[in-house]
């Protein structure tokens, strides 16, 4: 990826996260701890922006001279219409999670898939050659699936309740010329069961299992998965979802959503400051913030 240093100037630099709601976001604690550790004169806040106010909020980035922002649910797709430019990867994903203000020109990027791959690399998990299954077809699934396809998985299956959305995603991956052709399966179908039985990596990109509905799961029978399978959940509240708990009880390697949160945040620094954020500091701060929430 091309790394560009922001040209923003001033006595202090203001950044933040746009979403609705964002009160429980761990991003402010994570980034502010990193700024302190690096001796940087910067601050990161949480901006609760209802969808009806999104265009005004984006204009406010220019007017107030913010260095940049992260973008989260429900704005990742809609925000693209209000930016001056969108990086090719973000356009392929169809979502933006990082915005940089370059002298009043707002450019959108997506670091979700990049952070996802780095979090697996950190755990020593090699993606290339694995059979991968992505559960879901929303914004997170799009970023994950694109990067899995580019990283050389042997097989990629998308399982989603809306088959049409899964097929749209598969078609977008084909247009992006990923080396592997994505397959689509309905939950509970024979095709889905066969893909899961041969999976080397399963990634939950749905909100199933997220607080407060912690007993929901995108996969009722973890016993279908082979012993070498890695189970990844992009949900990070709770840190161990029902899916991860059951996978761990079956002896499988598990990775929670905190890893992706931290790494996508550290990758955003590449665009804001021209260097990667301090992962260990960010992880410690994010974990403390999440554990301190009711």
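Just so you know, glycine gets a Cβ as well, placed from its N, Cα and C.
Sequence-distant neighbours of residue 76 (active site, proton acceptor) (same chain, six or more apart, CB under 8 Å from its CB) are 95, 96, 97, 139, listed in sequence order. Per Swiss-Prot, active site, proton acceptor is recorded for 76.
Swiss-Prot lists 25, 26, 27, 72, 97, 112, 236 with the feature shikimate binding site. According to DSSP, residue 25 (shikimate binding site) sits in a coil region rather than a helix or strand. The Cβ of residue 25 (shikimate binding site) has 21 neighbouring Cβ atoms from other residues within 10 Å, across all protein chains displayed.
The NADP(+) binding site annotation in Swiss-Prot covers 136, 137, 138, 139, 140, 234, 257. Non-local contacts of residue 136 (NADP(+) binding site) by the CB criterion (under 8 A, 6+ apart in sequence, same chain) comprise 159, 160, 204, 205, 206, 218. DSSP gives residue 136 (NADP(+) binding site) a coil state; it is part of no helix or strand.
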For residue 26 (shikimate binding site), the one of 138, 234, 257 that lies nearest, given that the binding-site residues are compared by Cα: 257
Number of other Cβ atoms within 10 Å of the Cβ of residue 26 (shikimate binding site) across all protein chains: 25
Residue 236 (shikimate binding site) CB neighbourhood, other CB atoms within 10 A: 21
